[in-house]
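Trainee: My questions will all concern the structure given below.
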Amino acid sequence: MPLESSLCGEVAASSAAPRVPRGKRGGQQALHCAVCEKGFRCKSALQRHFRVHTGEKPFECSFCGNKFAQKGQLTTHLRIHTGEKPFECVICEKRFSEGGTLRTHLRTHTEEKPFECTVCKKSFSDSSTLRKHQRTHTGEKPFECAVCKSKFTRRDHLGTHLRTHTGEKPFECAVCKDKFTASSALRMHLRTHTVEKPFECTVCKKKFSQAGGLRMHLRTHTGVKPYECTVCKKSFNHSGNLRKHLRTHTRENPIECTVCKKKFATAENLKKHRGTHIMG
């Protein structure tokens, strides 16, 4: 069984490392976990490892009561409370509480993407982002809402969804003080103040403030009409036009003139009608 070269270290499985019998190697006793056969150089390392199997968590956070199997895990966790960030990026000087997070961050500078999706070959800078991406292929939704049982592929998507039940809106617009349940919704809203239009049509160069607006616009070029009337089978390029059309079947006139109380099926018809009041 291969042994880590560092003192009291856990075995790192490697095809290059030779398999050796239990007993002494290089003058040191090889200790093995009775459950999973991993080997260790000293008893304390084996004892720490064994907590993986027993579930024992002897190290408790004095701030929040969370418990951990390893002292190092507690040390890392405590930085959430203390705000300590001892790991600094040598390029941009951004600081991090964990060495692993710094290593992942450094790939934003090197553009290294060592984690590849086996389905579509798309590459990612860290393993957690790859796992999230893989759910787009598998359809797995492991995060379930305890209130309505809706399921999500990502934990942060569940967190955003839960605010629809709690009514919490933690993201506030600094301009008009409107509040939002998600940071993405706030970003889209801010473009109404800045007139920023980052989404550009590759065909005609027209720009849009939201990705959804660009998607609808692209249908004017592709001719795609995904919204079909269930009554007459006529198709439309976006849902708003289908809703207006359905009123020709239902005779619904929900839009009322504030002057004469006459009702209309669409805002366009109301606008034309208002001209009769101006002319009069």
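From the backbone N, Cα and C atoms, a Cβ is placed for every residue, glycine too.
Feature list, courtesy of TrEMBL:
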type: DOMAIN; residues: 31-58; note: domain 'C2H2-type'
type: DOMAIN; residues: 59-86; note: domain 'C2H2-type'
type: DOMAIN; residues: 87-114; note: domain 'C2H2-type'
type: DOMAIN; residues: 115-142; note: domain 'C2H2-type'
type: DOMAIN; residues: 143-170; note: domain 'C2H2-type'
type: DOMAIN; residues: 171-198; note: domain 'C2H2-type'
type: DOMAIN; residues: 199-226; note: domain 'C2H2-type'
type: DOMAIN; residues: 227-254; note: domain 'C2H2-type'
type: DOMAIN; residues: 255-280; note: domain 'C2H2-type'
Trainee: Which residues of the same chain, at least 6 past either end of the domain 'C2H2-type' (227-254), have a Cβ under 8 Å from a Cβ in it?
Mentor: 216, 219-220, 263-266
Trainee: What else in the chain is close to the domain 'C2H2-type' (199-226), if you only count residues 6 or more beyond its ends and a Cβ gap under 8 Å?
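Mentor: Distant contacts of the domain 'C2H2-type' (199-226): 188, 191-192, 235-238.
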Trainee: May I ask for the residues of the chain that lie six or more residues beyond the domain 'C2H2-type' (171-198) and have a Cβ under 8 Å from a Cβ within it?
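Mentor: Tertiary neighbours of the domain 'C2H2-type' (171-198) are 160, 163-164, 207-210.
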